[in-house]
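Participant: Pulled these from TrEMBL:
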- 20-47: transmembrane segment (TRANSMEM)
- 40-289: domain 'G-protein coupled receptors family 1 profile' (DOMAIN)
- 59-80: transmembrane segment (TRANSMEM)
- 100-119: transmembrane segment (TRANSMEM)
- 139-157: transmembrane segment (TRANSMEM)
- 197-224: transmembrane segment (TRANSMEM)
- 236-260: transmembrane segment (TRANSMEM)
- 272-291: transmembrane segment (TRANSMEM)
Amino acid sequence: MNRGNGTSTDFTLLGLFPELHYLGILITSVLLIYVIAFTGNAVLVLLIWADSRLHTPMYILLSHLSFIDLALISTTVPKMVINFFSRKKSISKIACGTQIFFFFALAGSECLLLTLMAYDRYVAVCNPLRYSIIMNSRVCLWMALASWGGGALNSLINTIYTMHFPFCGSREIHHFFCEMPAVLKLSCEDTSLYETVVSVICIMFVLLPLGLIMSSYLLIFLAVLRMNSPEGRRKALATCSSHLAVVSLYYGPAMIIYMTPRSFHTSEQDEILSMINTIFTPMLNPLIYSLRNKEVLAALRKVVSRRFILK
């Protein structure tokens, strides 16, 4: 038996900062963030799909981003909270592999989707006359499918390969969820070659998309400087600045966790970075996009006013 009240084949999730005093306050705060993130993203998805004025490529892609964030935070936080309050830390190997799969599938999909959203903004600002032709509904659908499919395929390969390693000795995962680098530390085989492969994959899913995003926004910024309309310039900068805020919050921690050697960061630092990536970012995304977006706020006011009229 291991420490988590499970079988010898189970892993033990040590949880979020297990040595921290007043850990209950932190877990309760995380649960509150989860409720805010879940509600905010769910409302944003429903608003976009319910209001025909928001059936444009930018908002359709945004609805997919909100759905990914909603699923991503639900992959990690509920299990962590349940483990803390039930005081049962065990997780089966199958459940651990499932959590790795969904986390990587959703995270990879978000990387690709943020890149496609940057391209959408590039076309809207730099080539507005052809925007409706280039970004038609079929293209938008294929973009969404490509992001979901690419993330799922990458995750399937990584999950199968990660879980095929034999695990010897301690089965305690120093994390609040089954995060791949934390699980690989438990393997009794040399995983350095596989970790190198993961770094190469991260170039495809992190560095390459990030480079495309930054190139898109550089071109957008140069185009905005040439605009004659102050209102158009302000709107373009407001939209792009919110996108860049999301990108920095998402890609920054991912690059440190998956693209730097283990010796460069401790387990505690990985947990902090993972919290930014998987807990705070899903909460901030709907706030960043909706509070600075007149169309979304107008749709929300319309729904609220209609509800009061019906009453």
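Quick reminder: no glycine exception, Cβ is built from N, Cα and C everywhere.
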Participant: I need to check the long-range neighbours of the transmembrane segment (20-47): which residues 6 or more away from its ends have a CB within less than 8 Å of a CB in the stretch?
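Facilitator: Hits for the transmembrane segment (20-47): 54, 62-63, 66-67, 69-70, 73-74, 77-78, 80-81, 84-85, 275, 279-280, 282-283, 285-287, 289-290, 296, 299-300, 303.
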Participant: Determine which recorded stretch among 59-80, 100-119, 139-157 has the most C-beta pairs below 8 angstroms with the transmembrane segment (197-224).
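Facilitator: When the Cβ pairs under 8 Å are tallied, 100-119 comes out ahead.
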